[in-house]
Structures are given as C-alpha cells and as structure tokens.
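J.: According to Swiss-Prot, the record shows the following:
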type     : residues       : note
BINDING  : ASP495, ASP501 : Mg(2+) binding site
COMPBIAS : 711-721        : compositional bias 'Pro residues'
DOMAIN   : 562-621        : domain 'KH'
DOMAIN   : 631-699        : domain 'S1 motif'
Amino acid sequence: MEGQNKSITFDGREIRLTTGLYAPQANGSVMIECGDTSLLVTATKTTKKEVADFLPLICDYEEKLYAAGRIPGGFMRREGRPPERATLISRLIDRPMRPLFPSWMRDEIQIVASCLSLDERVPADVLAVTGASIATLLGEIPFHGPMAAVRVGLIGDDFILNPSYREIEKGDLDIVVAGSPDGIVMIEAGANQLSEQDTIEAIDFGYESVTELIKSQVDLLKDLGIKQVKSSAPEEDNTLPSYLEKNCTKGIELVLKKFDQSKDERDLELEKIKVDTQAKIESLKDDNELKVLLSENDKLLSSDFKKLTKKLMRSQIINDGKRVDGRELDEVRKISASAGILPKRVHGSALFQRGLTQVLSTTTLGTPSDAQEMDDLNPSTEKTYLHHYNFPPFSVGETRPMRTPGRREIGHGALAERAIIPVLPGKETFPYVLRVVSEVLSSNGSTSMGSVCGSTLSLLDAGVPLKALVSGTAMGLIKEGKEIRILTDIQGIEDFLGDMDFKVAGTEKGITALQMDMKITGLSVSVISDAIKKARPARLHILEKMQEAIDKPQESLSPHAPRLLSFRIDPELIGTVIGPGGRTIKGITERTNTKIDIEDGGIVTIASHDGAAAEEAQKIIEGLTRKVHEGEIFTGVVTRIIPIGAFVEILPGKEGMVHISQLSEARVERVEDVVRQGDEVTVRVREIDSRGRINLTLRGVSQNSGMSYPEPTPTPVAPLN
C-alpha cells in the first residue's frame, strides 16, 4: 500500500498529510499529523437524496483512549457513549463546514475525524476542522472551501498561534477562528474579561493564519491533480415561487408589519396564509401544473413559502430598518429578572426573561468529592464547575418524547459554562463544587445567553462570591449584496431566517465567551468587529437590569447547603493525616461526622452541615500536622496507661509518651500511683527521637502552666446528602 505524503510548514511547525492510503472506500480521506498528534479524517457522500429542506450533514469526532496510551475505565474497559469533549469537537467541525456546502444540496454527507494519537502540545480539535475541509476536497464533494481553523492564545501581551494545553490554561484567551476564502465562518472563544479591542485583534491575527492554510490546501489539490468541485444549483421550476410571490406577498408583508402582535399570533397568521394558498391550489383542476407539483412533493409549498417569508422579512430590515416586533436594529427586548424564587432547599435560584425567552437557573453547592472526573483525552482530570442546559419541548409549544441531552443542549451548556468560569472564586476562597442547571421554560431566541444571565443571578443567590456579574446577548446579521444590517438581541425568526448567530458574553470589564455561526460563506473581520462593539451597550443594559434583582452574593448560604472549611497543610504530612490504611482520617470523620478531602497539593477541605463539627475536624488535623518542638509545654489528657508509662494527647490527634521515670522527681513503682486514664496533666516535650516519637516529662513542670485545648466531644450533625 502506498499513499502520497505532503507537508505544510506552518508557524514553524510541520503539518504532515498522507492521502490515498487510508479508508479507500470513503470519498476522501487524509491522515493529518502535527507533532505526535495524528487524526484520520474521512468524508463520505451517498447518492441517496433526502426529501428535506436542510442538508443531512453528520460530523463525528471520535477519540479512543489508546491515543494517549490509556485503557478505559468501567467494567467493559471499552469506550462507550462519546464524552462531552468529543461532542463539542464534533460541533466545532460541523459549524464551519455546514455553510460551505451548496444550499441546494440534499445528499447525505458524513465527516468522521478519529484521533489516533494525541500530543499534549498539539490539541486535536483545530487539526480535525482543517482535516475535514481537506477530506471533503479530496472526495470531490461540492464545497465552497477550502476552509481552515486555528487557535489563538494570549499570554501577557503576546498572541500565540495554536498554543499547547498548558499554554491555554496559563493564558487569558482561547479562541478558535475558522475561515474560508470569503471570510470568517466560525468563532468559538473563552476569555478572561478581555477587552473588545483585544478580542478583535486576536480574531484578525487568527484569520491571517487561516488564509495561509487555505492557500496550502489549494496547492495540495493542484499537486494531486484534483479539481475542486463547485457545481451550480440545479435548475428549479419557478412555477410555484412565482405563484406565491404574486398571491402571498401582500398578505405576508401585512403580517410582518404588525409590530404589536405576539410570536404566536404572527405564526398563526402566516400559517393561515399558507393553508389558504394550499386550499386554492388543491381546488384547481387535476391536470393543473401547480396541483401536480404539490402532489409529487408535499413539502414543496412549505419550503417555498418559507423562502418568500425570509425574503420579505430581510427586505423589511434592509429597506425600512424595522424588525418584525417593531424594535430598532440595536434595541434589546424587555427584560425581567428575579433571584431566590425557590425555597432554600435549592441553594440558589433565579428566573431570567428577555422577550419570550425565559430561563430558570438553579445552583447546588457540593463538596470536593462531587467534582466530575473526566475520562477522556483532556489533560484536565476533573471539573468543579458544571453547567447543564435543558431544552424541553414545551418551551417551544411542541410535544415530543423527553430524551437525554442532545448535541445542541450539550453545546449550549458548555458555552454558558465557559462564560462564567473566569469570574468564579478560587478554591481556597470558596472550595465548593458548583452545579448550575438552566431550564429553558420558553424559547424565542438566545436561550444560551439567557442561561448565562440566569446562572449569574442563581450563583449570587447561592452566596457564591463572583468576581463580577456576567451577561450575554446574541447578535444577528442580514446581508443582501453589499447591504449589511447588524441586529442586537435576535429572536427566533431572525435567527432562523438571518445569516448569523453571534453570541457575546462578558462582564462590564470585558468579554468572557464568544460563539459565532454563519449561514453564508464568510464575513470580513471589520463586520465582525462592528458586531462585537455593538454587543457591548446591549450587555451593559442587561447587566443593569440583572443588578436590580441582585447585585452581590447573599451574605449567608442556604441552611441546607454543606459547610466547608478549607486550609493548607504541608503536602509531606498528608500521609500523617490519612494514617495506615486510612485509619486516621476515617477516625476523624467518624468522630466529627464530617467529610474530608485532601488534594495532592495539601489543600484540605472539610464538609459538614454543622460548622462546629467542621471546626473540630480542622483542629484535629492541624494538631496532627503541627510541628512540636523540644521544650514546649502542653496541657493534655492521659489517653492510655502501659506498664512503662502513660500516653498523653498534647494536640488533637497527636500523642507523646511519659516514661514512668519522668512522672515524678521521686521513684514511681506503678504508673497508676501518679496518673490515671482521663487525667489532665501538664507536660514538657523532653525530646523527639529519630523516628519522630515524642517523649514527654512531668518532672520540673508546674501543673496547669502549659498550652491547653478543650477536650473535643462528638457533635451530632445531619448526614451529608
């Protein structure tokens, strides 16, 4: 077997491409490698036509743990359901690819990117996106590419192209920019309250690098003798569109200009026009051309009616500057927000509404043991902030079976999660694991940004000391020729019939998350810059409304939330706290009825529903890890008597022995003649031997002259859930 090997020198690195060797039955395939990261990307098209008004494109990213030299956990020791990370990368591939396929195309297309080897210095996701474009071009599938993606990081004042995982964690920016020859088609970003100007410069920096990769793909096709397929749309029968334009335009325009009507009223009126039109056509003679057309394709009327509605709505925005609800192009819908709407069994809650979009967000405070362990190729091993987004069918007035979260729900949840992470307190300040759930109760556009706002309010209601409040809005765009209109706070119909969905989240200081998807083949950096700048006043307006509901964290936590104490010990003394076989730490948890977690770095977190019990456990651990010095004097309790001496607990959990010869200046025959178990005595540290054992003495010590602590008593507390 022989393939063709090509290489691209990019940003001082070599990207290696192998074509014609792997997956010979796919339309196109490429092994794309950089460093030790290797991905096989395939593109396959079937000749089967889907009777639908959308492109049946499937993009899958697969990662196998053998790529990192690991064996999966669980009984089966085999990969199961794709982890969240794989789902997000699948979406990252789909989003820039979808707008570049011809709008008329209805063939089933599947792109599969399989990560076969992972180098932590070279993240696989942007390679997978670029590889998807190459595989599609090699498969000679109609495609308005090439398309490529790069990641941009920011450390200090310097932009870094395609940073490693470690550099991403250290930096203030993680942005993926994907583009075509026509411009940028997708953006995905997380940032540490970065200014709008710095964000725009990062996008510009990224797109410059994208153009280099696009040129490399053009050169690759030329070297392989492959001609890019850009077939034109098939000739369509204009009979029905002409009929609809003549008979429905006036009615649709009247509906779109009724600015005071609700979404349901508008939808009903448009549906009535369509139904009446269908009835007129069905009343025609059987051999009528229109009637024959509809009998052959029952979806044709809905499809062409939607196209006409789209055309008229866009024309109204371009020519009149008016949207279907009467708002100006830069106007935000009516906002209402409230916090603490549920009983405090729920640790934090909030309701956020913008127009007809309504989101209920709840916050749960958990202990470190509630952190989510990550069993994927991500170097991070656990998550301590979780955001889950749910989109039930009733939120759009529909009925369908309730399923597990789909790709869209996972993606929206991850975006809102990313927007909040930069403002979360550090572990040592607030050691709780946080889970926020956003329930979309009503949807009419921008539910993910509604979830960002709801999450912020809910976290504050739970008493989480956020560094700043975060709000978000979705920006839209209508492009007709050279005419461009940017829309602020788009609603459902503007998202559905528009050209862009650009979600911008951030604080008063700057941006924390971006997500841009296109329905056209690209936009210039200047247009994207304009959208980002116009999002800022909208975000600040929303922040003001949120602050009216709650502007700082609640002073006290819910009485039903666990109480946590967090402090640091010497990492070398972790074994002392745990004890042989875990006996010491188990004894502390049983004695105080608490949960104790110790991280490798020495951070100890104690959880209890009773603050006094947590403080008692902390005192014991600090006693175990406190260094004792010769000559120190303590007052403690005799815990055990043995023939040669007595053991005294000088600190919580730490004992020393008084040899029988050190009990008194005079000769002692029996230990019990001087002390008994339970007696309180004052002792001096005589020596600490080479094995760390503490030897004590009563000789020459005035009783009740040392440091003492009250004997701890078990405190009954409610069990942790």
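The backbone N, Cα and C atoms fix where each Cβ goes, and this holds for glycine too.
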J.: Determine the most Cβ-crowded residue among the binding-site residues ASP495, ASP501, using a 10 Å radius around each Cβ and all protein chains in the structure.
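T.: Per the Cβ count within 10 Å, the most buried is ASP501.
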J.: Over the domain 'S1 motif' (631-699), work out the mean pLDDT and round it to an integer.
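T.: Mean pLDDT, the domain 'S1 motif' (631-699): 92.
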J.: What is the three-state DSSP composition of the domain 'S1 motif' (631-699), stated as helix, strand and coil residue counts?
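T.: In the domain 'S1 motif' (631-699), the DSSP-based counts are 6 helix, 36 strand, 27 coil.
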J.: Could you give me the DSSP helix, strand and coil counts for the domain 'KH' (562-621)?
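T.: Going through the domain 'KH' (562-621) residue by residue, I get 32 helix, 16 strand, 12 coil.
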J.: Would you identify the secondary structure of ASP495 (Mg(2+) binding site) according to DSSP, in three states?
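T.: The three-state answer is helix.
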